[in-house]
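I grabbed these lines from Swiss-Prot:
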type	residues	note
DISULFID	CYS42-CYS105	disulfide bond
LIPID	SER157	GPI-anchor amidated serine
REGION	126-151	region 'Disordered'
SIGNAL	1-29	signal peptide
Amino acid sequence: MIMSLPQCSHLRLSILAATAAMLMVITTAQIGGQVIQVELWCVAKNNAEDSSLQTAIEWACGQGGADCGPIQQGGPCNDPTDVQKMASFVFNNYYLKNGEEDEACNFNNNAALTSLNPSQGTCKYPSSKGANNGRLADDTSMGAGQADMSRGGRPISSSWMVTFIGFGSLLTMTWIIHHL
């Protein structure tokens with residue numbers, strides 16, 4: 001399909017207007033200091049060895065002070081056939097109790113943060129949204145629905161990220177306009 005000159009110009013103007021509007025929103029967010037809140041969970045990595053995970057569980061439940069009751073026999077997260085699942089619950093508990101610091105979700109590089117809720121069946125993982133300075137709230141969110149932006153959470157937006165996204169969008173739109 002070949003566009004006539006007026007159609008092409010109209011498309012370019014539409015793209016420029018959309019880009020300008022997007023950059024205004026990004027700039028407003030950056031200047032306004034708005035922070036995006038996201039629910040996060042600390043979970044065991046898929047490629048972690050079971051023996052490494054078991055060692056990490058033992059440390060976290062002992063010296064680390066994590067609440068390991070739910071992974072004990074009869075607990076809702078106990079599954080001796082799935083060490084990764086049990087490690088994920090313990091890692092997440094430790095992470096929340098330690099103020100959601102990045103270092104609290106490492107376990108010798110066997111853990112990572114995710115925004116996907118790992119809860120399964122009766123095994124419910126509290127999220128970063130329900131944590132309050134390292135203490136889990138009584139009404140801990142289980143992350144079943146949309147994130148509640150009015151309470152705690154982990155800020156993931158910073159001015160450099162917003163600037164990076166805006167600049168990348170501007171470059172992309174400039175390339176598209178140039179190649180029409």
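Note that Cβ sites are derived from N, Cα and C of the backbone, with glycine treated the same way.
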Looking at Cβ-Cβ distances, which residues of the chain lie under 8 angstroms from CYS105 (disulfide bond) while being 6 or more apart from it?
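CYS105 (disulfide bond) has long-range Cβ partners CYS42, PHE91, TYR95, ALA111, ALA112, LEU113.
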Enter the number of other CB atoms within 10 angstroms of the CB of CYS42 (disulfide bond).
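CYS42 (disulfide bond) is surrounded by 27 other Cβ atoms within 10 Å.
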